[in-house]
Amino acid sequence: MAPTLFQKLFSKRSGLGAPGRDARDPDCAFSWPLPEFDPSQIRLIVYQDCERRGRNVLFDSSVKRKNEDTSVSKLCNDAQVKVFGKCCQLKPGGDSSSSLDSSITLSSDGKDQCPKYQGSRCSSDANMLGEMMFGSVAMSYKGSTLKIHQIRSPPQLMLSKVFTARTGSSICGSLNTLQDSLEFINQDSNTLKADSSTVSNGLLGNIGLSQFCSPRRAFSEQGPLRLIRSASFFAVHSNPMDMPGRELNEDRDSGIARSASLSSLFITPFPSPNSSLTRSCASSYQRRWRRSQTTSLENGVFPRWSVEESFNLSDESCGPNPGIVRKKKIAIGVIFSLSKDEDENNKFNEFFFSHFPLFESHMNKLKSAIEQAMKMSRRSADASQRSLAYNRILDALTEFRTTICNLYTMPRIGEPVWLTMMSGTPEKNQLCHRFMKEFTFLMENASKNQFLPALITAVLTNHLAWVPTVMPNGQPPIKIFLEKHSSQSVGMLAKTHPYNPLWAQLGDLYGAIGSPVRLARTVVVGKRQDLVQRLLYFLTYFIRCSELQETHLLENGEDEAIVMPGTVITTTLEKGEIEESEYVLITMHRNKSSLLFKESEETRTPNCNCKYCSHPVLGQNTENVSQPEREDTQDNSKELLGISDECQKISPPDCQEENAVDVQQYRDKLRTCLDTKLETVVCTGSAPADKCVLSETCLEPREESWQNKELLDSDNHTGTAMRPTGIVVEKKPPDKNVPSAFSCEVTQTKVTFLIGDSMSPDSDTELRSQAVVDQINRHHSEPLKEDRGVADKHQESKITKDQSEDSDTQNIVSGESCELPCWSHSDPESMSLFDEYFNDDSIETRTIDDVPVKTSTDSKEYCCMLEYPKRLYTKTNKQKSELCKCIETVHQDSCNACFPQQDQRNSLSILVPHGDKESSDKKNAVGTEWDIPRNESSDSALGDSESEDTGPDIRRQAGGYCGGDQEDWTEEDEIPFPGSKLIEVSAVQPNIANFGRSLLGGYCSSYVPDFVLQGIGNDERLRQCLVSDLSHAVQHPVLDEPIAEAVCIIADMDKWTVQVASSQRRVTDNKLGKEVLVSSLVSNLLHSTLQLYKHNLSPNFCVMHLEDRLQELYFKSKMLSEYLRGQMRVHVKELGVVLGIESSDLPLLAAVASTHSPYVAQILL
């Protein structure tokens, strides 16, 4: 049997290149690490703190032991229940009196029917946990307080929330809470009396209708919401990160931060950041901006949009009696007992903090159940009712435990299609091929009853995050398809107005970007696991979200290590050599442990004397602003020259005979220019095109230095790699006229910045530059023309030798500028407001000395680069055409001699951002396929925040993105830098701290309500939980913003039906939801793509066609929204006649239009 897609599914994350296992194998679990977690590791404890009574334990799950397995539902049918003992009273001395709240025994005639609980004394840690929960919160404080505690011995993680009760007096029943009801169950109901001292505060209140509609009410009643975090939170969690959906701006004096639950309001008092965005208030961009405003303390403290901060025990049918109200607080604590394995604990910690909104949402659901149970126990004088109320809490705890365990342990889809495309994989061709094979299989085997078109229609209608990915961005479709980066507008927003990227990713997954906001999830039901898994994999192309990149920040004295997957970046503070100011040295190192392949010595040819083989290249995207100390540069140059000498020894004799220049005499010059650095090219404000910021004296000497250096390189055929990949500094002194490397309409200006050092023409550093001039003049011996002649001679010979090389490379070698398609910037009108998956147009390139030399005709262009290889260069609005050309102009003249038959280094070093070339197969031969720096998402404030380009006018350039295809820079000999602590992070495993991968479930044994996508064997559990889950999603939304509707798409592969269940519709006729109306547009989209593939068109082209057809849906929705503008009521027939929109397409187009034109929903929905 031929290997299937899942057998061949990327094995690059499996560690050391082991062959991929069949992901359909249950043991494989889609290559997702399956942790173990037992429900018994979750403990619930409830406290009451009363002004008069002090602190009591109301409930503690750890001290109950069932002696019989009889169902709780049979409790007390005919048995007389006797409950004795009072609540555990916590005394200051630490002693605990009596037993816990209830110790249930049964009369002799009921022993066989009811479960029996054996009472025990309070747990030994009750005092400690109570102090941790209540802390120093004043009794008069009316808000709720959320805390996260990490207990080291035994290892535990506790999530606690303290609430103020809202109790109303009642003359129709007892005012007692659970504690009081348990105390008085035993008494005659006629003698029950209201005791004002037993009025309890509540836990986490329900959302009343008035509270749901009036977010301001919460603020007036409760005041600011705060979070008090225990110190151990920071001590244990080694990589502090925001809790998703929150903004924790800590007050360093008081240790009190904003509530971790603080959320954005649906309507904010802030003006729109751009008048052109006002019409898209429901867009992804606007949601992110609103989130930034309402989670920033600069704008004051905002309340949650709904009131969940108090516990409502009041009985609305009874009148108030404020005379007997006492101040009380209730605390709920959920304690997770961790294992003794430190690695497992770290995994759970990472999962807990990254998925905190889900934990809090389920805690709110647990609180609601406890609240209802307390109300039940208060209303009834019947002892059996109160016991049932107690057991309701146990049932709610059981459900909470099951949900959390399933969320943590269920299998996930190992390689979602869309996220894998987003992550810059070099296997795009293979990925498209596999996707199209699965697509063809499903179209042929799962189209009964139009099942697949109906399912895709439902997914595209509800999971709306695909819309921003197809919106036009002024780029050709091939570029958009290949690079899939983030948008300019959203990328800029992430820098200037940071929001939590995990929150944005979660909203994308649930499709909550339309208006009104809707949460969606998809469940595939089927007994054939193989078929269900293939469909789940296929759906991960349409259910999209942003890809995130996590950055770990560790401090070590004055040094700081910023660790990204696969790399280590260190920053140190260095003193200036000329001026007294200090500057920052930022250095990037390759992560050795994450390398999958090392090039063997045999792959290097004996006569290889190129820089690539001798000194491999660094290839990460990061900016460096530095001027290292003299001794560091000496070490670097010595090492470089040593390598150059070594290359000479193994070079052919005829090459050695041409060595006319002694390497040693350039040692001093190299010290000033051979440091391993990176640069980031960004736009600055426009500067005069005819002026050069760098002084002429800074440039001319390097021209002369280049002559000698070029002669050395051309004679030896060695590429000492003086020019950067992609970006050259094309500015020349005003009096020089050297042909440019690019055909550009307007010559632009390079501006150089150095932290702590002024580089203006009148700077003191000109003295230093002059010293360099004098030094170079002493060694200057030959005119430029002679050097050019020698260089051109070798250039021509190399062109003849390497006719099989890429045409772009030949153009470069011959000194011609590489002409590539030229795309201009999109004007503001065509810029997408939330096109967050398009090009993040930053160009981050290398200025290190390991790329072959440029032809001598362009030598002067490199003067700036050679003079200041360690600077951060900025530029003025360079056209994309230059960047596209420039990224292709990697000079390969030195490398061609090394690999005449299959120049692996050559194929690796030439980036192909505009289309996969045939040489892409070579790329996979050498290099770490799985260790690619991920494309920075628009949501990744982690990566973006480190960037220098934070100005409002920044337009990051698209053509030269150097991240997605940089699998070639794999080998690097790390040189330890003094005073820097290097931290290595391995990124070979799927990241569980990422909603995009953790919420796309595989084939699960049980229904998991939090999963955005999952497969299950039967719908029994789904039918039980669906209604309550949808209601809970609206009442306690994980996104902390009002949700109008929660929907669930149920695709039954046994019955070939697709239904959509909604929180706004009641289930009728034993159906889970409403049947889906198949969109003719979607049906045509699927069939046309299938026909193209059957006609043997390339999988890449078929997927591009699929993207084009999705974009057509967007354009039709724009047309619909424009037609509906200003209208109040439109007939469907009118839309069909005027716009050609069929009635079956209207729900889909209206949903898509709601992402950019909210008024459409008011007219059509």
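A Cβ is built for glycine as well, from the same backbone N, Cα and C atoms used for every other residue.
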From the set SER103, SER220, SER380, SER487, which residue is assigned the annotation phosphoserine by Swiss-Prot?
SER220
Looking at Swiss-Prot, which of SER169, SER314, SER486, SER594 is flagged as phosphoserine?
SER594
Which candidate, of SER210, SER740, SER907, Swiss-Prot gives the annotation phosphoserine:
SER907
Can you dig through Swiss-Prot and tell me which residue of SER108, SER714, SER763 is labelled phosphoserine?
SER763
Which of the three DSSP-derived classes (helix, strand, coil) applies to THR294 (phosphothreonine)?
helix
